[in-house]
Every structure is written in structure tokens, then in C-alpha cells.
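**Student:** Mind having a look at this structure? Questions to follow.
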């Protein structure tokens, strides 16, 4: 495995190996006073964030540092990107400067894949930290890690993903990974925010679309609330934040429809009140904080598999 | 001018091979056997297909403004190599061809290059901004003799402006060529709205955004009795609208690009922007409907939408890339592949869709003429059996953004002639 660009096409064995490594790292680090492993000493990891991010960037940075890699953060503002440098030139520059791994977040769908092609002749690995509306594979992996931790194996489990599915890279990556791991996925949202076409790609997997959240909650093992981006509020996708909240917000009454064992997830950042009620976000069955914690271990596992696990010659994602 | 004898050619791919004598720019004789006059150049056709030179209603030559992607000279060379003898140069240059000065400039450079008749398209609105009519009459009566107006790249979206443009153009015997794209339905659009776009996370460009404008404009054209041309038809639904409009007598014509006949959005999985084009590559049922429509004449002609782009505008992430692809040198081959080989078009039909109809639509009296004695020797000679492999850097355009890179396609244009002058022979421009 040279790159991690998508969860689409990630086979079950590889995904499971990544999750197992994440579990192992978590156990290893648990209760340690000094959270530092020597695994990636001498390796250089560069994060390239073309969009704002708190948790993902910090999570990757910590993941690298806890494994003793040298981590450099580049953001679009305050770098040559601000001077009009192309993504390709920036990537080649960072690779030439000695990056073993480039972690990229970019507003354009497909940006990470393009980057990997431009860096094909170099030893540099690429990790997709979110490309436009396309994928966010490490988010899906940390979600799966959290679900496994709480629910055990995902085979036969039902995960309800709620909100702006259409524009969500988190939803896409989760659909691929969760179904690969044997779970069933229900996408819930207003018709304007779920994919218009459910042929081919979705039909071939255990995925279904519903417009009725209340109907889906009683049989859910987990409910994953998605962020509603501010720009959707003005694009006539739904009449008002109030109506959205009434129909698709996870309030206390609605959360009570969930089975007792079911967990509540949110990739963050949350719009409390609109997407999810305060009390629900902080309830005992909410794993939102655990998702963040697992994020670091999952990203450590990804870095480990890309940079340390085996000789990388001849391997490809 | 030297006399030329094209020896052993089959006009329209029909009948036994004949010799064609070209003298003073005109077809002087067509006989089973002609003894070449002294000093005449002989082109051994070996049974190849002789057609009227092709006419492209939709070419972006990029000059003035983006000479790093294409110039009138390099675009003319690409046209000649593709069998074209006339091209309509779209107005979205910098400065925009929205006045007599720019269209005359383009026309003059085209004449000085001399490889192909370059007819500038005038903008419908000032600066392609869709707000104020450009001086259509002045452009029509200028030396450039503009007969086609288009804001291509942008849709004339305001229904009142479109109505007025259509109405006004009646006095000029001109046609308004519409880039049919409802802008509110395509905000930020990156790919055909469908399963692929959903999977790849690309904002959708719905077929309805094209079909709604085509329907509206057919109704407007009928209402004011004007001529309308639809650029780059890309959807099955548009074909249905065109069929309906033609049945009720609307003066509407339409073009399809080679890439919309051959390619589908399946290509987008690579995120390689060489496949990014506007309107976007659609689906297999669309390509099938477009081929059928071209065969039936619902879609009148093939136009390339030849759109060169410099590497820095293509070798980027998908959403930052400019839409468009090269087309002049590959058009005939794609038509052979999609239409001739499957038996949807005869060679006589190819002459119709690539030469005669576009010449009529663009009001060119001396193009798209029959291969017959007394007619202008404006011709393309095609070897239907030979295949070739496309390489962008071997094409005559400055830019190399061909979606057919590495593909082997059938049909080679072995010679092109403009009023008796050989503009290319065996892939070499003269």
C-alpha cells in the first residue's frame, strides 16, 4: 500500500488490518506517561491543508509526532499557494524537499488522486485528508474503529447516516467502508440532499435512501449525523434551518427512538441545536469524543502501514 | 496555379475510381482516365473516398488572447489536416469578438494564413455578458461578413435578450447559435449529473439544464420566425425536443461533437481533466440517441468544439481545469468509428453532416458544394481503411489536450484542397 486515497476499493482484509493496528496502538499507548513510539523516526510527514480544519489536521500531526516522525504543516494561506503556485508544483516541491508522506486536504474532488499520479515517480506516499465532496477515508476508518469498539464486528449492523449526504465526503467514505465491512447503510435526508441517482454504485451495495428519520431510528445500531454546511442554507436545498432541524435534527425525543445499544456519532464540527441537541451530543450513548480520540490512533495506523509496515517496493494502493 | 489530377478517387465512396482534374481552382473534369497536363501534380488516390471539404461550425482558435494554446495559424493547420476547408471561429477570444474590428482582424489573419476559410462568429451580447446586444448588423456588413452569432461558452440565458437577438438576426440572414445551459441549474457544475458524478463527488450538470433552454429557444425562434442553431447537443432529451420542434416547422438546426458521439462519463473516474468539457460527457444512452439523431437528420451536422487549452489550464485538479478538448484532427476518424463503420452513415451522408449542412447553416455559398465538374475544388480525400494512433504532441495545435491520446482510430484524411490549392498532403501542411 503506497497511498490511502479512498475507501472505495479498499478490501476487507486491508481495512481490518488497519483497524486492528489502530486498536493495538491504542492499547499500547493507554495509560503511558510518555506517548511516543520510535516507529517513524527519521521519516518526514507533511500536511497540506487547502481548507480550514481543526481536528483532522491536529489528529494527523499528533499521529505523526507520537510515532516520532518529523511533521511539517503547510497551509494554503502563508505558503506559495497564496502566490498562485499550482497544486502539482507544490506537491513536487514538497516531495523533492524530502516528504515521505504528503497528507492533503483540498476543496476539489479528486485532488488527492491527481496528486498521487503526479508523485507516481517519487517514493512519496499520499494520504487523502478530504477531497471536495468525494472522500475522507481516515474519517470513515475512525468511525469504523469507534463502531467496532462499541458494537463488535460490523457484519449485519445497520448505520443510519443523516443530513447532507449529497455534498458529504464523510458519507461517501463511510458508505464504501461500512458496506465492505458487512454493515448496511441507510442514507437519510431531504430529497435535495441525497444523491439523485441510486443506480449502479449504490444499488450494488447494501445501501438504501429514506426521507423519514423517525422510521429508521428504531432499527438502527448507530446514527451518524452529518454537518450541514452554511452555504446549503442559501441554496434552496431546504426552506429554513428550523424546518431542517424539525425533520432531520437529532433531538432528545427522536434519540429516544433508538435502541438502547445504539450509538450516536458526528464527524464534527457540530451545529448544536440544529443538527443535534445539546443533551443528545453529550449523552452516554454519544461517541463523538471517542471518535476524535480514535482518530489519532487510526491515523497512526495508516502512517504505520504506508511508511513502516513493509518494504514498499512494488506495492501500490 | 498548378493543375492537379487526383487519380483513382471514389467521389462519395461510390462507383469505380475516377480521375479528377483540378484547374484554376475548379473541378475541370471527372473521367475514368485523365492524362495529366504538363506540369500537373498527381495525387494517387488508390480508390480512396473523395468528399467536399469539411466545414466546422464550432472552432475555438484562441487568437486573439490565448496564443499560448492556439493561434489562427496553428488552428488552421489542424483544420487542414483534419480535412476542413472552412471553420467558424468562436467569439470568446480576448478581446471578445463582439465588434467589427475584432471579427475583421480574425478574418484577415485567416486569409493571410490561407489554409482554411476562417469565418469569425460574432458575439450575441457585448463581452458575452448576456445583457446588451452586440452590434450584430455592423459585424454582418463588415469585411468579415458574419452570419453566425454566438455567446458560446455562455448561454444567452435572459429570455428577452434571446428573443431580441433572434428577431434582430432575421434582417441579416444570420443564425443565432445557442450554448444551451441554464446557468442557475448548473452553478458550479463539474460533470453530468448522474450516478458517476454522485460517486465521484462532482457537482452535477443536469441534462434538464440543456433541454430546458433548447425547448425555450425553439419556441422563441418559432414565435419570431428566426433561425436558431443549437451548439453541441449532448442529451437524449434534447434530441426529443429537436424532433418535436422540427416537426412543427421551427427553423432550428443542431450540431453534435465527435466526443459526445464516442465518449461517456465513465472516463471521469481518473479525474483527468482532459475529459472535462462543457457540456459534459454524458451516458451511453445519450451517445446512442445522438448517433441515431445524426443518422436521421434530427441533428444536422457534426461540429468539433475544438477547444485547445494550455497545459497549466489542464494539468491541475478537476475543478480548476478549463473545459474543452481538441477536435479538428480527430473528428473524421471519430465519425468513421461511431457512424460509418456501424452502418449509420454512408459516405454521402458524411458529406452531408460534415460539409453540406454546416455550409448551408453558416451561409457559405462556395463550401459544401458537390464533387462535380464546374464546382470549386474544395475537397477532402479520405482513406477509410487506414488506422492511426492519436498522440496529442503530434497534432498541429499548440495545445495537446486530446481525449483520444493513445487510441487507434480508423480513417485518415490524406489530402485537403481549398479552391484548387493543396493545403495538406499525407499529413504535411503546405
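Counting starts with 1 at the first residue shown.
Every residue gets a Cβ built from N, Cα and C, even glycine.
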**Student:** Looking at substrate binding as recorded in TrEMBL, which candidate out of B:275, B:278 goes with B:60, B:61, B:62, B:92, B:309, B:323, B:324?
**Tutor:** B:278
**Student:** Considering the Zn(2+) 2 binding residues B:179, B:232 given in TrEMBL, which of B:152, B:158, B:217, B:240 is annotated for that site as well?
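**Tutor:** Among the candidates, TrEMBL records only B:152 at this Zn(2+) 2 site.
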**Student:** Quick check on the annotation: TrEMBL has B:58, B:60, B:152 binding Zn(2+) 1, so which of B:300, B:305, B:313, B:315 does it put in that site too?
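**Tutor:** According to TrEMBL, the candidate sharing the Zn(2+) 1 site with B:58, B:60, B:152 is B:305.
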**Student:** How many other Cβ atoms are found within 10 Å of the Cβ atom of residue B:60 (Zn(2+) 1 binding site), counting all protein chains shown?
**Tutor:** 27
**Student:** Need this for a regression test: binding-site residues B:60, B:62, B:323, filtered to those with Cα within 10 Å of residue B:305 (active site). What's left?
**Tutor:** B:60
**Student:** Averaging the per-residue pLDDT over the domain 'Dihydroorotase catalytic' (B:47-236), what integer do you get?
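**Tutor:** Mean pLDDT, the domain 'Dihydroorotase catalytic' (B:47-236): 97.
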**Student:** With the cut-off set at 10 Å between Cβ atoms, which of these binding-site residues ends up with the most neighbours? Options: B:323, B:324.
**Tutor:** B:324
**Student:** Could you measure between residue B:323 (substrate binding site) and residue B:179 (Zn(2+) 2 binding site) for me? Cα positions, answer in whole angstrom.
**Tutor:** 14
**Student:** Let me know how many other Cβ atoms fall within 10 Å of the Cβ of residue B:61 (substrate binding site).
**Tutor:** 31
**Student:** For the substrate binding site, please report the maximum Cα-Cα distance among B:60, B:61, B:62, B:92, B:278, B:309, B:323, B:324 in Å.
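**Tutor:** About 17 Å separates the two most distant Cα atoms.
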**Student:** Could you name the residues, excluding B:152, B:179, B:232, of the same chain that surround the Zn(2+) 2 site, i.e. Cβ within 8 Å of the Cβ centre of those residues, in sequence order?
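**Tutor:** Everything else in range on the chain: B:58, B:90, B:150, B:153, B:177, B:178, B:180, B:181, B:231, B:278, B:279, B:305.
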